[in-house]
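TrEMBL lists 30-51, 63-82, 102-124, 144-162, 209-229, 241-263, 275-293 with the feature transmembrane segment. According to TrEMBL, the feature domain 'G-protein coupled receptors family 1 profile' maps to 45-291.
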Amino acid sequence: VAQQISMENSSSVKEFILLGFSESQEVQKIYFAVFLLFYTLTVTGNLLIILTVTSSRHLNSPMYFFLCHLSFVDICYSSVTAPKTISGFLVENNTISFAGCIGQLFGFHFFGCTEIFILTAMAYDRYVAICRPLRYPALMSRRLCGRMVGGCWVGAFLHSTLQTLPTALLPFCGPNKIGHYFCDVHPLLHLACADTRVVSLATVANGGVVSLSCFLILVVSYMVILVSLRGQKPAGWHKALSTCGSHITVVILFFGPCTFVSIRPSGDLSEDRSVAVFYTLIAPMLNPFIYTLRNREVKGAMRKLCSRKVGSG
């Protein structure tokens, strides 16, 4: 009987209310303008990177192949949460269906994990380019790069499934107000009508293993690069580090906040919410600027693309 009642209660929550950042309508309007600006810049900047790389015959190295996929993931990653958040600033109650909430949860972890794996693949590419320059064309073939990207998508799908499925199977019988601006594991665990300690531990372990293992791979790869540069002239140091500077900057901006939220248990949701803004919207928005400003080849190809568009117009 108790099990039957629990099953009936679990289906009582048909939708959730996303509380967002503030109940003040004036503050909501400010958030609306800021988020809309950030999301527009994110989509425009990353789309411009994709068009530049795909249209240029000179940007055909593995580094730009990964960069193109990274920009595509950034667009998808921001689009999972930003449009719903932006539209929610204009209504009194920002509601999302149960199915929509679980779908948002899956997409958030799927694209976020894909970005982590692609950044790790890009670190390996930089390691081979600097430490094995003569064998670089053979080691980083187009076929291998395609397999690495495919592995990133498959691995992210498995990670997202392990994060989403245990949460989706929990009973939710009320309340239905999520103290966040999108559906994530920690806020949903606070609303579940069951003991969530096992699920919380499993999701933290899963997210922690992915984030920390990839971060350690990144750290080790750059330590090996630095060791390999010993004894070289300053010009060699500058050339090698200039190719890694953009990637290191992106890694720090994305991995820092992401790892902080992934490895900590459910706690202060307002703190999680503030940190989440950084890696769901700000970091994807900054990535195109970082790679463009520090890369002459991308800037040159982008100017040619813009001049062709203006000339054809």
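Glycine is treated like the rest: Cβ placed from N, Cα and C.
No curator has checked TrEMBL annotations; they are predicted automatically.
Sequence-distant contacts of the transmembrane segment (275-293), counting only residues of its own chain at least 6 positions beyond either end whose CB sits under 8 Å from a CB of the stretch, comprise 35, 38-39, 41-42, 45-46, 48-49, 67, 70-71, 74-75, 77-78, 81-82, 108, 112, 180-182, 184, 246, 249-250, 253-254, 257-258, 260-261, 299, 302. Below 8 A, the CB atoms of the transmembrane segment (144-162) and the transmembrane segment (63-82) form 3+ pairs separated by six or more positions in the chain.
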